[in-house]
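> Copying in the features that TrEMBL gives for the protein in this structure:
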type	residues	note
DOMAIN	14-103	domain 'Peptidase S26'
ACT_SITE	Ser43	active site
ACT_SITE	Lys91	active site
REGION	130-154	region 'Disordered'
Amino acid sequence: MAQAQGWLKRYLKAFCKGFFVAVPVAVTFLDKVACVARVEGASMQPSLNPGGSPSSDVVLLNHWKVRNFEVQRGDIVSLVSPKNPAQKIIKRVIALEGDIVQTIGHRKRFVRVPRGHMWVEGDHHGHSFDSNSFGPELANNSPQAESSLPPLSQ
């Protein structure tokens, strides 16, 4: 009986040590390096969620490239929605700081992207809440979608 209690005590001690190391490492990784996000809606069709499929695409969001300001035109990024800060939106980078953009439905016909900002749009223009609605977005807040993963149902 004493041997069983000693084994249980050693097991719980090892588990706690592992837990208190693994959780901070995992949280730091998800916050600073990369995380996975599900893409819903039609705004990025046909690139993501093609054909209006009921299953959602999943993307790997790379926080590293954004921290090093390596975002380029054509990259897909995730942003905090200006309409609902609890929600994230995924859009394509159209222009970077200093670029002049011809807008679609924005209050100004042409916009110069300010320093430290980018212009983002959805691929499906008729169904997208993007910079044409809210203007240029800060470039260093947006993890970059590194790759698209197949839907989990496939």
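Including glycine, each Cβ sits where the backbone N, Cα and C put it.
TrEMBL annotations: computationally assigned, not manually curated.
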> Using Cα coordinates, what distance in whole Å links Ser43 (active site) and Lys91 (active site)?
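Lys91 (active site) has its Cα 8 Å from the Cα of Ser43 (active site).
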> Using a Cβ-Cβ cut-off under 8 angstroms and a sequence gap of six or more, which residues of the chain neighbour Lys91 (active site)?
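Listed in sequence order, they are Ser43, Met44, Ile76, Val77, Leu79, Val120, Glu121, Gly122, Ser128, Asp130, Ser131.
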> What's the number of neighbouring CB atoms sitting within 10 A of the CB on Ser43 (active site)?
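Ser43 (active site) is surrounded by 22 other Cβ atoms within 10 Å.
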> What mean pLDDT score does the domain 'Peptidase S26' (14-103) have in the model?
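Summing pLDDT over the domain 'Peptidase S26' (14-103) and dividing by its length gives 77.
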